[in-house]
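Visitor: In case it's useful when we look at the structure, here is the feature table from Swiss-Prot:
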type     : residues : note
ACT_SITE : 58       : active site
BINDING  : 61, 123  : heme o binding site
BINDING  : 212, 274 : heme b binding site
DISULFID : 35-42    : disulfide bond
DISULFID : 188-194  : disulfide bond
TOPO_DOM : 1-6      : topological domain 'Cytoplasmic'
TOPO_DOM : 28-62    : topological domain 'Extracellular'
TOPO_DOM : 84-92    : topological domain 'Cytoplasmic'
TOPO_DOM : 114-117  : topological domain 'Extracellular'
TOPO_DOM : 139-158  : topological domain 'Cytoplasmic'
TOPO_DOM : 180-209  : topological domain 'Extracellular'
TOPO_DOM : 231-244  : topological domain 'Cytoplasmic'
TOPO_DOM : 266-271  : topological domain 'Extracellular'
TOPO_DOM : 293-298  : topological domain 'Cytoplasmic'
TRANSMEM : 7-27     : transmembrane segment
TRANSMEM : 63-83    : transmembrane segment
TRANSMEM : 93-113   : transmembrane segment
TRANSMEM : 118-138  : transmembrane segment
TRANSMEM : 159-179  : transmembrane segment
TRANSMEM : 210-230  : transmembrane segment
TRANSMEM : 245-265  : transmembrane segment
TRANSMEM : 272-292  : transmembrane segment
């Protein structure tokens, strides 16, 4: 059922991952001004002549983002028509279109007008939401027609806790993006200490970096608690158990790559993996929230 939609959704999801990674590469290599202050053209040209590597990185990101923007809109319309009988479809379709447009506008605005570090950090957060909505739309296509799609009965306290962790994860994503855009990635040059101190001066780049460390550590603890709670009370829900196990694996890997960024001097591959893993973690949490919303908590 919906074979073509599944294939297209899968391709769009993969494409969104590529866009997200390209965006991380633009930030890491400081290629955001690779096309000057012109958009959508590059230095006023459709095809820039004798482009520098920063120009290639930035302009290829624009081209792929534009293509994926069109694909997301097509996916949203397609899913709306074929999966409108599923409760989450219309909400996800609307969110997918809104956030991909918002993401594009933020990117264009950053080039033409320049933006504060706070707004630039938001761009990555919006990218994570865009990826999640596309993946969830694709997931709905795969779930449709199955006899027992995940519908869970859980306590209100558990559901509230998961929602809080979900929101907190997004906040941690934002703090990480803020660290990148404020050039605070290596403000603490060692680990677990920060420049030889357990608690450094909490101001400027060092303060931003240290705050992100603490926030990431707390996220790890919260997700481990969520997994233990799930195993103790809801082990009969396989979808809930395995997604929480995946979350803990992802957050542990994310934590390890964060440490590696410091110890390797912000090596490119490690930094890219750090951005990718947290986006997959957020998408997984979005799926958990979606299946928890299908039944009222008791």
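Cβ coordinates are placed from backbone N, Cα and C, and glycine is handled just like the others.
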Visitor: Across all the protein chains here, work out how many other Cβ atoms are within 10 Å of the Cβ of residue 35 (disulfide bond).
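Guide: Its Cβ shell of radius 10 Å holds 25 other Cβ atoms.
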Visitor: For the topological domain 'Cytoplasmic' (231-244), give the DSSP counts of helix residues, strand residues and coil residues.
Guide: 10 helix, 0 strand, 4 coil
Visitor: Just checking the recorded positions 58, 61, 123, 212, 274: which sit within 10 A of residue 35 (disulfide bond), CA to CA?
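Guide: The recorded positions close to residue 35 (disulfide bond) (Cα within 10 Å), listed in sequence order, are 58.
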Visitor: Is the number of Cβ-Cβ pairs under 8 Å between the transmembrane segment (63-83) and the transmembrane segment (245-265) three or more, considering only pairs separated by 6 or more positions?
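Guide: No, the transmembrane segment (63-83) and the transmembrane segment (245-265) are not in contact.
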Visitor: Hey, which bits of the same chain come close to the transmembrane segment (272-292), Cβ under 8 Å, at least six residues off its ends?
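Guide: For the transmembrane segment (272-292), the list is 17, 20-21, 24-25, 28, 88, 124, 127-129, 131-133, 135-136, 139, 150-152, 154, 159, 162-163, 165-166, 169-170, 172-173, 176, 239-240, 243-244, 246-247, 250-251, 253-254, 257-258, 261.
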Visitor: Going by DSSP, is residue 212 (heme b binding site) part of a helix, a strand, or coil?
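Guide: SS state of residue 212 (heme b binding site) = helix.
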Visitor: Once the DSSP letters are reduced so that anything not helix or strand counts as coil, what is residue 188 (disulfide bond)?
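Guide: Where residue 188 (disulfide bond) sits, the three-state DSSP reduction gives coil.
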Visitor: Hey, which of 93-113, 118-138, 159-179, 245-265 has the most Cβ-Cβ pairs under 8 Å against the transmembrane segment (7-27)?
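Guide: Looking only at 93-113, 118-138, 159-179, 245-265, the most contacts with the transmembrane segment (7-27) come from 118-138.
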